Amino acid sequence: MKVSAGILCLLLVAATFGTQVLAQPDSVSTPITCCFSVINGKIPFKKLDSYTRITNSQCPQEAVIFKTKADRDVCADPKQKWVQTSIRLLDQKSRTPKP
């Protein structure tokens, strides 16, 4: 009888924790960042630090988020020439070994 009660208790605990894990959606662990508008002007390259491409299907538009040296995030249109040039230059800069 004690063995049966112990097994039942163990099953209840396993079922409780198992449903909590299963109930958590995948999207909870990965926040979604979207741009709802993009900058109209051009940001000088010397002010840019890094970038992230936004291509999530849940976002209203494709965009590039530039992180400035002043630690600000700025959304830009990836189709604009200055954005493409800045991305290329930032990629080159990140591949260049630092002394």
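For all residues, glycine too, the Cβ spot is worked out from N, Cα and C.
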(request) Pick out which of Cys35, Cys59 Swiss-Prot lists as the disulfide partner of Cys75. (result) Cys35
(request) Sorry to bug you, but what's the C-alpha spacing from Cys34 (disulfide bond) to Cys75 (disulfide bond), rounded to the closest Å? (result) 9
(message) Long-range neighbours only, meaning 6 or more apart in sequence with Cβ under 8 Å: which ones does Cys59 (disulfide bond) have?
(response) Ile32, Cys34, Cys35
